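Notes for the one structure printed next.
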Amino acid sequence: MGSCSGRCALIVLCTFQLVTALERQVFDFLGYQWVPILANFAHIVVIILGLFGTIQYRPRYVVVYTVWTAIWVTWNIFIICFYLEVGGLSQDSELLTFSLSQHRSWWHEHWPGCLHEEVPAAGLGAPHGQALVSGAICALEPSSVEALHSGLQILIALLGFVCGCYVVSVFTEEEDSFDFIGGFDPFPLYHVNEKPSSLLSKQAYLPA
């Protein structure tokens with residue numbers, strides 16, 4: 001019963017986490033944020049791996065997913081610090097774009113309710129035909145939207161870490177109990193160390 005409830009909870013959580021990761025990946029693609037794109041891709045792969053391990057009773061895959069959730073929490077804490085400019089970080093830097101684009105994020109350039117001042121793209125730093133935002137006035141800062149996205153990812157990852165640890169412990173206990181009763185071994189455990197001659201002698205004394 002515990003295994004079923006834990007597995008079902010982790011499957012539902014991973015499914016929701018996969019949906020949010022795909023949503024975030026789409027907006028990072030639109031904003032040309034290449035470092036988050038790579039991080040999101042790795043995140044999606046690990047989520048699928050965790051789903052497979054949970055459904056197919058593969059504890060090693062669930063362990064990989066559980067370890068990754070801790071890494072993912074650290075990454076999203078960094079993203080929050082980056083967009084809120086904590087610890088000397090600046091969202092105006094090109095740290096997340098590999099200096100291949102001057103775009104800051106899709107939310108910063110297209111957030112509803114913002115008044116933008118746009119200038120034509122110039123040089124090699126921006127894709128052809130794009131416009132860069134030089135200033136914007138918004139009711140809600142786009143950096144806060146990015147921070148909220150990362151906060152949601154942290155919350156889901158923490159829940160995934162707890163559920164992953166629980167599922168791994170349940171899978172391990174079930175494997176240990178299964179091995180203790182002999183698994184699929186058709187021969188009893190106490191016959192493993194007996195010699196064939198002793199087994200033949202026992203059969204000879206059996207009544208016909």
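Using N, Cα and C of the backbone, Cβ positions are placed for all residues, glycine too.
Automatic prediction, not curation, is the source of TrEMBL annotations.
Residues annotated as signal peptide in TrEMBL: 1-21.
TrEMBL lists 37-55 (among others) with the feature transmembrane segment. Same-chain residues lying 6+ beyond the ends of the transmembrane segment (37-55) with a Cβ under 8 Å from its Cβ atoms: 7, 10-11, 14-15, 17-18, 21-22, 24-25, 28-29, 61-62, 64-66, 68, 72, 75, 160, 164, 167.
Sequence annotations record features per position, and here TrEMBL assigns transmembrane segment to 62-86 (among others).
Taken from TrEMBL, the feature transmembrane segment covers 152-171 (among others). With a threshold of 8 Å between CB atoms, the same-chain residues lying at least 6 positions outside the transmembrane segment (152-171) that come near it are 2-3, 6-7, 9-10, 13-14, 16-17, 20-21, 24, 50, 54, 57, 59, 62-63, 65-66, 69-70, 72-73, 76-77.
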Residues from the same chain, set at least six apart from the ends of the transmembrane segment (62-86), whose C-beta lies under 8 A from its own:
10, 14, 36, 39, 43, 46-47, 49-50, 53-54, 95-96, 105, 143-144, 146-147, 150-151, 153-154, 157-158, 160-161, 164-165, 167-168, 171
